[in-house]
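One structure below.
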Amino acid sequence: MGRRALLLLLLSFLAPWTTIALRPALRALGSLHLPTNPTSLPAVAKNYSVLYFQQKVDHFGFNTVKTFNQRYLVADKYWKKNGGSILFYTGNEGDIIWFCNNTGFMWDVAEELKAMLVFAEHRYYGESLPFGDNTFKDSRHLNFLTSEQALADFAELIKHLKRTIPGAENQPVIAIGGSYGGMLAAWFRMKYPHMVVGALAASAPIWQFEDLVPCGVFMKIVTTDFRKSGPHCSESIRRSWDAINRLSNTGSGLQWLTGALHLCSPLTSQDIQHLKDWISETWVNLAMVDYPYASNFLQPLPAWPIKVVCQYLKNPNVSDSLLLQNIFQALNVYYNYSGQVKCLNISETATSSLGTLGWSYQACTEVVMPFCTNGVDDMFEPHSWNLKELSDDCFQQWGVRPRPSWITTMYGGKNISSHTNIVFSNGELDPWSGGGVTKDITDTLVAVTISEGAHHLDLRTKNALDPTSVLLARSLEVRHMKNWIRDFYDSAGKQH
């Protein structure tokens, strides 16, 4: 695994379609959610209203009157003023319309919960840019990009909705989010318990900070996914790195690698680390999107894509050339399952510049997640967690240095037992589950485990191929939400 790129590519799952210039250790600090394609169509057409709310740029200072328009979406087809509820999606690091169209669970349960659906865009993403074209100009303009400010936006928006929508004032609100959005949903319930009666935090790695979990747990889970999906699959990948290193020592070897991997551009010796990072990122992405049915994010993928990949990686005890030819076949499943791609492009691609820049700044300030590999418990080249290296890159890119302890100071780390009404769901296939809450903390801080689930599978729309484990998870989640709604109305009745 790359010396400084490992940490960053682990988080680089925001749609790669625009190239931007970022320092090496910042490039892959993309995001926690799945790769997104702005041109991809949702599985089911969604009907919603697009609205805007004027937010303060700084909720915590009193010497500025600067405001910006936060975008949010509302769908009220099934909402009932009597006995209804509001499901509030705490927006992630990206365009809110994509999250709206790809969080089918909320749409599926809206009628049952008599719910209005609200999807709130996170500041500094999508159209919710506090300083317009100057939003990413420098660290002074980015200074208000924090989870705390985003949570305050959500609180102000909920107050606005309850003030302005007849019938909404006395209804319970439930926060829902996935990945970073799931972290925000949990933190919102912790920090603003009077605003939401509960939270569903799907695939939310709230403990992937400091030393709360081992730094190698993420890549260990990725490796387990491949090991369980085919005999000798992970071992083939583990041996591929040395094969690449040996073949790249000569000009003829580089030429052979370029052809064998069907790359769009000739490899040079300076490209090898990037090549290995790109391959590693592919295996990580596959672990996140290992869904039980065909899906389409960056490109079409088959059902259970890791099993398909592992069909080509059954024998690690072959020559370097044959092993890497097999690696190409495996990569081709991810990058060219449709058969439309003529060559594989390892040149740097990331999300739209604004989205990637926003998240790389967050990863340089408060969202500091340690990652490492050792090549023994995982199938990657050894890489140690190096905070100083990250800090130096962040300072050169943004003029800021990370505060690795701030998230645990703000939100409590593992000391959260005083909070209530949060469901933490995690898929066992999802590498982010290593930093998630996977065991009940109290009777009201509940963990739901999905044995056949990848990254927030439970938030996706229902599918005929959904495994029993995700059906049970969704059923449990709805049951908890119904209990929160019932308790809210019971309490309101007693007060009158």
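We count from 1, first residue shown onward.
Any Cβ shown, glycine's included, is placed from N, Cα and C.
The active site, charge relay system annotation in Swiss-Prot covers Ser179 (among others).
The active site, charge relay system annotation in Swiss-Prot covers Asp430 (among others) and rests on sequence analysis. Under DSSP, Asp430 (active site, charge relay system) is assigned to coil, being neither helix nor strand in the three-state scheme. Long-range neighbours of Asp430 (active site, charge relay system) (same chain, six or more residues apart, CB within less than 8 Å of its CB): Ser203, Ile221, Ala287, Met288, Gly453, Ala454, His455, His456, Leu457.
What Swiss-Prot lists as active site, charge relay system is His455 (among others), and the listing cites sequence analysis. Around the Cβ of His455 (active site, charge relay system), 27 further Cβ atoms fall within 10 Å across all displayed protein chains.
Taken from Swiss-Prot, the feature disulfide bond covers Cys215-Cys372 (among others). Every protein chain shown contributes to the tally, and the Cβ of Cys215 (disulfide bond) ends up with 20 other Cβ atoms within 10 Å.
Residues or ranges marked as disulfide bond by Swiss-Prot: Cys233-Cys310 (among others). Mapped onto three states, the DSSP output places Cys310 (disulfide bond) in helix. Less than 8 angstroms from the CB of Cys310 (disulfide bond) sit Phe226, Ser229, Gly230, Cys233, Ala330, each of them six or more residues away in the same chain.
Over all protein chains present, the Cβ of Cys264 (disulfide bond) has 13 other Cβ atoms lying within 10 Å. Under DSSP, Cys264 (disulfide bond) is assigned to coil, being neither helix nor strand in the three-state scheme. Taken from Swiss-Prot, the feature disulfide bond covers Cys264-Cys343 (among others), and the record attributes it to similarity to another entry.
Residues or ranges marked as disulfide bond in Swiss-Prot: Cys364-Cys394 (among others). Cys394 (disulfide bond) is surrounded by 24 other CB atoms, counting those within 10 A of its CB over all protein chains shown.
The N-linked glycosylation site annotation in Swiss-Prot covers Asn47 (among others), and the record cites sequence analysis as its basis. Around the Cβ of Asn47 (N-linked glycosylation site), a 10 Å sphere holds 8 further Cβ atoms from the protein chains shown.
Asn101 (N-linked glycosylation site) has a Cβ environment of 22 other Cβ atoms inside 10 Å. The N-linked glycosylation site annotation in Swiss-Prot covers Asn101 (among others) and rests on sequence analysis.
What Swiss-Prot lists as N-linked glycosylation site is Asn317 (among others), and the listing cites sequence analysis. According to its DSSP assignment, Asn317 (N-linked glycosylation site) is coil. Asn317 (N-linked glycosylation site) has a Cβ environment of 9 other Cβ atoms inside 10 Å.
What Swiss-Prot lists as N-linked glycosylation site is Asn336 (among others), and the listing cites sequence analysis. The number of other CB atoms found within 10 A of the CB of Asn336 (N-linked glycosylation site), across every protein chain shown, is 16.
According to Swiss-Prot, the N-linked glycosylation site annotation covers Asn345 (among others). Around the Cβ of Asn345 (N-linked glycosylation site), a 10 Å sphere holds 13 further Cβ atoms from the protein chains shown.
A coil conformation is recorded for Asn415 (N-linked glycosylation site) in the three-state DSSP classification, outside any helix or strand. Shown in sequence order, the list is empty: the chain has no residue 6+ apart in sequence with a C-beta less than 8 angstroms from the C-beta of Asn415 (N-linked glycosylation site). Residues annotated as N-linked glycosylation site in Swiss-Prot, with sequence analysis given as evidence: Asn415 (among others).
Swiss-Prot lists 194-334 with the feature region 'SKS domain', giving similarity to another entry as the kind of evidence.
Swiss-Prot lists 1-21 with the feature signal peptide.
For the recorded positions Asn47, Asn101, Asn317, Cys343, Cys394, a Cα-Cα cutoff of 10 angstroms around Asn336 (N-linked glycosylation site) retains Cys343.
In this structure, the disulfide-bonded residues under consideration are Cys233, Cys343, Cys364, Cys372, and the one with the smallest number of other Cβ atoms within 10 Å of its Cβ is Cys343. Nearest to Cys343 (disulfide bond) in space, judged by Cα atoms and limited to the recorded positions Asn101, Cys215, Asn317, is Asn317. Summarised as a single figure, the pLDDT of the region 'SKS domain' (194-334) averages 96. Cα of Asn345 (N-linked glycosylation site) to Cα of Cys215 (disulfide bond): a distance of 30 Å.
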